[in-house]
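Participant: Input: one structure, supplied below.
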Amino acid sequence: MKSNEDIISLTPNTSYQDVSDARKSEKFETDTPEIENGELSLSERPLEEALGAEPPPPAGPDPNAYPDGGFEAWFCIAGGFGAVFSSFGWVNSIAAAGTWFKRHRALAFGIMVSGSSLGGVVLPIMVQRLIVQLGFGWSIRITGFLILGLLVFANIAVKSRLPPAPKPFTLKEYFVPFLETPFLLLAVGSFFVYVGAFLPFNFIIVEAKEAGTPTNITDYLVPIINAASIFGRIFPAHLGDVYGVFNVCIIFTLFSGVISLALWLPAASSAPIIVFAVLYGFASGLTLAIIPALVASISDIQKLGHRVGTLYAFSAFGTLFGR
(Lines of atoms letter the chains of each structure in order from A and count residues from 1; the text may use other names and numbers.)
(Lines give C-alpha, C1' and ligand atoms only; values in the text may rest on other atoms or scores of the structure.)
Protein backbone atom coordinates (compact mmCIF):
# COMPACT_ATOMS: atom_id res chain seq x y z
CA MET A 1 0.00 0.00 0.00
CA LYS A 2 1.46 3.29 -1.07
CA SER A 3 1.63 6.27 1.27
CA ASN A 4 -0.48 9.37 0.78
CA GLU A 5 2.57 11.24 -0.50
CA ASP A 6 3.26 8.61 -3.17
CA ILE A 7 -0.34 8.70 -4.36
CA ILE A 8 -0.41 12.49 -4.54
CA SER A 9 2.86 12.50 -6.47
CA LEU A 10 1.21 10.24 -9.05
CA THR A 11 -1.97 12.31 -9.14
CA PRO A 12 -1.00 16.01 -8.91
CA ASN A 13 -4.64 17.14 -8.96
CA THR A 14 -5.54 14.96 -5.99
CA SER A 15 -5.67 16.51 -2.53
CA TYR A 16 -5.00 14.88 0.82
CA GLN A 17 -8.77 14.99 1.47
CA ASP A 18 -9.37 12.97 -1.71
CA VAL A 19 -6.88 10.39 -0.51
CA SER A 20 -8.50 10.33 2.92
CA ASP A 21 -11.94 9.82 1.40
CA ALA A 22 -10.58 7.05 -0.80
CA ARG A 23 -8.94 5.43 2.21
CA LYS A 24 -12.31 5.37 3.96
CA SER A 25 -13.93 3.92 0.85
CA GLU A 26 -11.18 1.32 0.69
CA LYS A 27 -11.93 0.30 4.27
CA PHE A 28 -15.59 -0.14 3.42
CA GLU A 29 -14.77 -2.25 0.40
CA THR A 30 -12.37 -4.35 2.49
CA ASP A 31 -15.11 -5.03 5.01
CA THR A 32 -17.48 -5.89 2.14
CA PRO A 33 -15.43 -7.93 -0.34
CA GLU A 34 -18.18 -8.80 -2.79
CA ILE A 35 -20.27 -6.20 -4.58
CA GLU A 36 -23.46 -7.00 -6.41
CA ASN A 37 -23.15 -7.62 -10.18
CA GLY A 38 -19.47 -8.47 -9.80
CA GLU A 39 -18.21 -4.88 -9.84
CA LEU A 40 -14.55 -4.56 -8.95
CA SER A 41 -14.12 -3.20 -5.42
CA LEU A 42 -11.68 -0.44 -4.54
CA SER A 43 -9.60 -2.81 -2.45
CA GLU A 44 -9.00 -5.01 -5.50
CA ARG A 45 -7.16 -2.37 -7.50
CA PRO A 46 -4.38 0.10 -6.70
CA LEU A 47 -5.57 3.19 -4.86
CA GLU A 48 -3.78 5.55 -7.28
CA GLU A 49 -5.68 3.93 -10.17
CA ALA A 50 -8.96 4.48 -8.31
CA LEU A 51 -8.03 8.14 -7.92
CA GLY A 52 -7.49 8.55 -11.64
CA ALA A 53 -3.71 8.26 -12.04
CA GLU A 54 -4.01 5.48 -14.63
CA PRO A 55 -4.86 5.78 -17.43
CA PRO A 56 -4.01 9.46 -18.12
CA PRO A 57 -7.01 11.74 -18.73
CA PRO A 58 -8.05 12.28 -22.37
CA ALA A 59 -6.97 15.43 -24.15
CA GLY A 60 -10.52 16.63 -24.82
CA PRO A 61 -13.61 16.76 -22.63
CA ASP A 62 -15.09 13.41 -21.73
CA PRO A 63 -18.70 13.20 -22.96
CA ASN A 64 -19.44 10.70 -20.18
CA ALA A 65 -18.05 12.87 -17.39
CA TYR A 66 -21.54 13.83 -16.23
CA PRO A 67 -23.73 10.75 -16.76
CA ASP A 68 -27.47 10.91 -16.26
CA GLY A 69 -28.19 8.60 -13.35
CA GLY A 70 -31.94 8.92 -13.67
CA PHE A 71 -34.19 7.95 -10.77
CA GLU A 72 -31.48 5.87 -9.12
CA ALA A 73 -29.29 8.94 -8.72
CA TRP A 74 -32.14 10.93 -7.19
CA PHE A 75 -32.92 8.07 -4.81
CA CYS A 76 -29.29 8.12 -3.67
CA ILE A 77 -29.53 11.85 -2.99
CA ALA A 78 -32.80 11.37 -1.09
CA GLY A 79 -31.25 8.57 0.94
CA GLY A 80 -28.26 10.69 1.86
CA PHE A 81 -30.52 13.56 2.89
CA GLY A 82 -32.61 11.15 4.93
CA ALA A 83 -29.60 10.49 7.15
CA VAL A 84 -30.14 13.98 8.58
CA PHE A 85 -33.30 12.80 10.29
CA SER A 86 -31.48 10.09 12.24
CA SER A 87 -30.32 12.75 14.70
CA PHE A 88 -33.87 13.78 15.58
CA GLY A 89 -34.68 10.80 17.78
CA TRP A 90 -31.16 10.63 19.18
CA VAL A 91 -31.17 14.07 20.80
CA ASN A 92 -34.77 13.77 21.96
CA SER A 93 -34.13 10.41 23.62
CA ILE A 94 -31.18 11.88 25.54
CA ALA A 95 -33.31 14.75 26.79
CA ALA A 96 -36.16 12.43 27.76
CA ALA A 97 -33.91 10.01 29.65
CA GLY A 98 -32.14 12.85 31.43
CA THR A 99 -35.35 13.99 33.10
CA TRP A 100 -35.58 10.75 35.10
CA PHE A 101 -32.14 10.86 36.73
CA LYS A 102 -30.05 13.25 38.79
CA ARG A 103 -27.85 11.24 41.15
CA HIS A 104 -26.91 8.56 38.60
CA ARG A 105 -27.43 10.61 35.46
CA ALA A 106 -23.98 9.95 33.94
CA LEU A 107 -24.37 6.20 34.44
CA ALA A 108 -27.83 6.30 32.86
CA PHE A 109 -26.50 8.17 29.84
CA GLY A 110 -23.60 5.73 29.58
CA ILE A 111 -25.88 2.69 29.56
CA MET A 112 -28.13 4.29 26.97
CA VAL A 113 -25.30 5.33 24.65
CA SER A 114 -23.58 1.94 24.96
CA GLY A 115 -26.23 0.59 22.59
CA SER A 116 -24.54 2.41 19.72
CA SER A 117 -21.26 0.68 20.58
CA LEU A 118 -23.04 -2.68 20.55
CA GLY A 119 -24.36 -1.82 17.11
CA GLY A 120 -20.83 -0.94 16.07
CA VAL A 121 -19.78 -4.48 16.96
CA VAL A 122 -22.70 -6.39 15.46
CA LEU A 123 -23.53 -4.45 12.29
CA PRO A 124 -20.11 -4.45 10.52
CA ILE A 125 -19.70 -8.20 11.02
CA MET A 126 -23.34 -8.89 10.13
CA VAL A 127 -23.21 -6.82 6.94
CA GLN A 128 -19.91 -8.40 5.91
CA ARG A 129 -21.37 -11.90 6.21
CA LEU A 130 -24.67 -10.97 4.56
CA ILE A 131 -22.98 -9.44 1.53
CA VAL A 132 -21.11 -12.67 0.90
CA GLN A 133 -24.32 -14.71 1.11
CA LEU A 134 -27.04 -12.38 -0.24
CA GLY A 135 -25.31 -9.53 -2.04
CA PHE A 136 -25.05 -5.84 -1.26
CA GLY A 137 -28.66 -4.83 -1.94
CA TRP A 138 -30.37 -7.30 0.35
CA SER A 139 -27.75 -6.80 3.04
CA ILE A 140 -28.64 -3.12 3.24
CA ARG A 141 -32.37 -3.88 3.18
CA ILE A 142 -32.07 -6.37 6.04
CA THR A 143 -30.00 -3.90 8.04
CA GLY A 144 -32.55 -1.16 7.41
CA PHE A 145 -35.47 -3.31 8.58
CA LEU A 146 -33.52 -4.33 11.69
CA ILE A 147 -32.92 -0.69 12.57
CA LEU A 148 -36.56 0.12 11.81
CA GLY A 149 -37.74 -2.53 14.27
CA LEU A 150 -35.43 -1.24 16.99
CA LEU A 151 -36.62 2.33 16.37
CA VAL A 152 -40.26 1.27 16.74
CA PHE A 153 -39.49 -0.25 20.14
CA ALA A 154 -37.44 2.79 21.18
CA ASN A 155 -40.16 5.25 20.23
CA ILE A 156 -42.73 3.28 22.22
CA ALA A 157 -40.47 3.04 25.28
CA VAL A 158 -39.10 6.61 25.46
CA LYS A 159 -41.09 8.96 27.68
CA SER A 160 -40.14 12.18 29.46
CA ARG A 161 -40.82 12.63 33.16
CA LEU A 162 -41.74 16.26 32.57
CA PRO A 163 -44.94 17.03 30.64
CA PRO A 164 -44.39 18.69 27.26
CA ALA A 165 -44.59 22.48 27.26
CA PRO A 166 -45.20 23.66 23.68
CA LYS A 167 -43.81 27.08 22.86
CA PRO A 168 -43.07 29.05 19.69
CA PHE A 169 -39.88 28.15 17.85
CA THR A 170 -37.20 30.84 17.93
CA LEU A 171 -33.59 30.66 16.78
CA LYS A 172 -32.56 32.91 19.64
CA GLU A 173 -32.84 30.16 22.24
CA TYR A 174 -30.17 28.17 20.37
CA PHE A 175 -27.66 31.04 20.54
CA VAL A 176 -28.35 32.22 24.09
CA PRO A 177 -26.43 29.29 25.70
CA PHE A 178 -23.21 30.52 24.07
CA LEU A 179 -23.49 33.69 26.16
CA GLU A 180 -22.87 31.54 29.24
CA THR A 181 -19.16 31.01 29.86
CA PRO A 182 -19.43 27.38 31.11
CA PHE A 183 -21.48 26.32 28.09
CA LEU A 184 -19.22 28.19 25.66
CA LEU A 185 -16.07 26.55 27.07
CA LEU A 186 -17.76 23.14 26.98
CA ALA A 187 -18.82 23.66 23.37
CA VAL A 188 -15.32 24.70 22.29
CA GLY A 189 -13.78 21.76 24.15
CA SER A 190 -16.25 19.33 22.59
CA PHE A 191 -15.46 20.76 19.17
CA PHE A 192 -11.76 19.94 19.52
CA VAL A 193 -12.52 16.53 21.02
CA TYR A 194 -14.62 15.67 17.97
CA VAL A 195 -11.87 16.89 15.62
CA GLY A 196 -9.74 13.89 16.54
CA ALA A 197 -12.06 11.44 18.27
CA PHE A 198 -13.08 9.53 15.14
CA LEU A 199 -9.72 9.48 13.33
CA PRO A 200 -8.76 6.04 14.72
CA PHE A 201 -12.07 4.65 13.46
CA ASN A 202 -11.20 5.88 9.95
CA PHE A 203 -7.51 5.08 9.74
CA ILE A 204 -6.67 2.23 12.12
CA ILE A 205 -7.33 -0.36 9.40
CA VAL A 206 -5.08 1.49 6.96
CA GLU A 207 -2.29 1.73 9.53
CA ALA A 208 -2.69 -1.94 10.44
CA LYS A 209 -2.37 -3.01 6.80
CA GLU A 210 0.77 -0.93 6.36
CA ALA A 211 2.16 -2.62 9.48
CA GLY A 212 1.55 -6.03 7.90
CA THR A 213 -1.41 -7.06 10.04
CA PRO A 214 -3.31 -10.03 8.54
CA THR A 215 -6.68 -9.31 6.94
CA ASN A 216 -8.52 -11.59 9.35
CA ILE A 217 -7.44 -9.20 12.13
CA THR A 218 -7.79 -5.83 10.39
CA ASP A 219 -11.43 -6.57 9.55
CA TYR A 220 -12.20 -6.74 13.27
CA LEU A 221 -10.24 -3.74 14.56
CA VAL A 222 -13.20 -1.33 14.45
CA PRO A 223 -15.52 -3.87 16.15
CA ILE A 224 -12.80 -4.29 18.80
CA ILE A 225 -12.81 -0.54 19.43
CA ASN A 226 -16.60 -0.56 19.71
CA ALA A 227 -16.62 -3.62 21.97
CA ALA A 228 -14.20 -1.96 24.39
CA SER A 229 -16.29 1.20 24.13
CA ILE A 230 -19.30 -0.63 25.60
CA PHE A 231 -17.49 -1.07 28.91
CA GLY A 232 -15.91 2.38 28.68
CA ARG A 233 -19.29 4.03 28.37
CA ILE A 234 -20.85 2.25 31.35
CA PHE A 235 -18.43 1.59 34.21
CA PRO A 236 -16.34 4.81 34.16
CA ALA A 237 -19.55 6.81 33.82
CA HIS A 238 -20.41 5.77 37.37
CA LEU A 239 -17.16 7.40 38.49
CA GLY A 240 -18.49 10.63 37.01
CA ASP A 241 -21.49 10.48 39.32
CA VAL A 242 -19.15 9.98 42.30
CA TYR A 243 -16.16 12.22 41.55
CA GLY A 244 -17.66 14.71 39.11
CA VAL A 245 -18.37 14.32 35.42
CA PHE A 246 -15.91 17.02 34.36
CA ASN A 247 -13.07 15.53 36.42
CA VAL A 248 -13.54 12.06 34.96
CA CYS A 249 -13.99 13.39 31.42
CA ILE A 250 -10.73 15.35 31.57
CA ILE A 251 -8.76 12.30 32.75
CA PHE A 252 -10.12 9.93 30.11
CA THR A 253 -9.82 12.48 27.31
CA LEU A 254 -6.16 13.12 28.15
CA PHE A 255 -5.56 9.38 28.32
CA SER A 256 -7.09 8.94 24.85
CA GLY A 257 -4.77 11.59 23.44
CA VAL A 258 -1.67 10.18 25.13
CA ILE A 259 -2.15 6.62 23.87
CA SER A 260 -2.89 7.93 20.38
CA LEU A 261 0.46 9.72 20.29
CA ALA A 262 2.52 7.23 22.28
CA LEU A 263 1.05 3.90 21.18
CA TRP A 264 -0.85 4.19 17.90
CA LEU A 265 1.34 6.48 15.80
CA PRO A 266 4.67 4.68 16.51
CA ALA A 267 3.06 1.22 16.11
CA ALA A 268 4.91 -0.92 13.58
CA SER A 269 3.36 -4.33 14.27
CA SER A 270 0.01 -5.93 15.00
CA ALA A 271 0.33 -6.24 18.79
CA PRO A 272 0.50 -2.52 19.71
CA ILE A 273 -2.29 -1.70 17.24
CA ILE A 274 -4.61 -4.26 18.85
CA VAL A 275 -3.71 -3.03 22.34
CA PHE A 276 -4.39 0.53 21.21
CA ALA A 277 -7.79 -0.47 19.79
CA VAL A 278 -8.84 -1.90 23.16
CA LEU A 279 -7.51 0.99 25.27
CA TYR A 280 -8.76 3.72 22.94
CA GLY A 281 -12.20 2.16 22.69
CA PHE A 282 -12.46 2.05 26.48
CA ALA A 283 -11.22 5.61 27.06
CA SER A 284 -12.93 7.36 24.15
CA GLY A 285 -16.18 5.59 24.92
CA LEU A 286 -16.44 7.47 28.20
CA THR A 287 -15.48 10.78 26.61
CA LEU A 288 -18.15 10.55 23.91
CA ALA A 289 -20.85 9.17 26.21
CA ILE A 290 -20.49 11.61 29.08
CA ILE A 291 -20.99 14.81 27.05
CA PRO A 292 -24.80 14.89 27.63
CA ALA A 293 -24.13 14.56 31.37
CA LEU A 294 -21.73 17.50 31.15
CA VAL A 295 -24.43 19.62 29.53
CA ALA A 296 -27.01 18.50 32.10
CA SER A 297 -24.73 19.48 34.99
CA ILE A 298 -24.72 23.14 33.85
CA SER A 299 -28.26 23.39 32.48
CA ASP A 300 -31.85 23.68 33.55
CA ILE A 301 -33.38 20.24 33.08
CA GLN A 302 -36.31 21.72 31.16
CA LYS A 303 -33.87 23.15 28.60
CA LEU A 304 -31.71 20.04 28.33
CA GLY A 305 -33.05 18.99 24.92
CA HIS A 306 -32.20 22.04 22.86
CA ARG A 307 -28.96 22.69 24.78
CA VAL A 308 -27.68 19.17 24.05
CA GLY A 309 -28.77 19.56 20.43
CA THR A 310 -27.03 22.92 20.18
CA LEU A 311 -23.78 21.53 21.54
CA TYR A 312 -23.87 18.51 19.23
CA ALA A 313 -24.60 20.74 16.24
CA PHE A 314 -21.58 22.89 17.09
CA SER A 315 -19.35 19.87 17.75
CA ALA A 316 -20.39 18.26 14.47
CA PHE A 317 -18.25 20.79 12.61
CA GLY A 318 -15.27 19.40 14.50
CA THR A 319 -16.07 15.93 13.18
CA LEU A 320 -16.37 17.33 9.66
CA PHE A 321 -13.05 19.18 9.81
CA GLY A 322 -11.24 16.31 11.51
CA ARG A 323 -12.21 13.75 8.91
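Glycine too: its Cβ is placed from the backbone N, Cα and C atoms.
Here's the feature list from TrEMBL:
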- 1-64: region 'Disordered' (REGION)
- 20-30: compositional bias 'Basic and acidic residues' (COMPBIAS)
- 71-94: transmembrane segment (TRANSMEM)
- 106-126: transmembrane segment (TRANSMEM)
- 138-158: transmembrane segment (TRANSMEM)
- 179-205: transmembrane segment (TRANSMEM)
- 182-323: domain 'Major facilitator superfamily (MFS) profile' (DOMAIN)
- 217-235: transmembrane segment (TRANSMEM)
- 242-267: transmembrane segment (TRANSMEM)
- 273-298: transmembrane segment (TRANSMEM)
Participant: Within the same chain, where does the transmembrane segment (138-158) have neighbours whose Cβ lies under 8 angstroms from its own Cβ atoms, ignoring anything closer than 6 residues to its ends? I mean 6 or more beyond.
Facilitator: 32, 89, 92-93, 96-97, 123, 126-127, 130-131
Participant: What are the DSSP helix/strand/coil residue counts across the domain 'Major facilitator superfamily (MFS) profile' (182-323)?
Facilitator: 124 helix, 0 strand, 18 coil
Participant: I'm a bit unsure how to read this: which one of 106-126, 179-205, 242-267, 273-298 has the highest number of Cβ pairs shorter than 8 Å with the transmembrane segment (217-235)?
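Facilitator: The stretch I would name here is 273-298.
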Participant: Given the model, what does the mean pLDDT over the domain 'Major facilitator superfamily (MFS) profile' (182-323) come out as?
Facilitator: 89
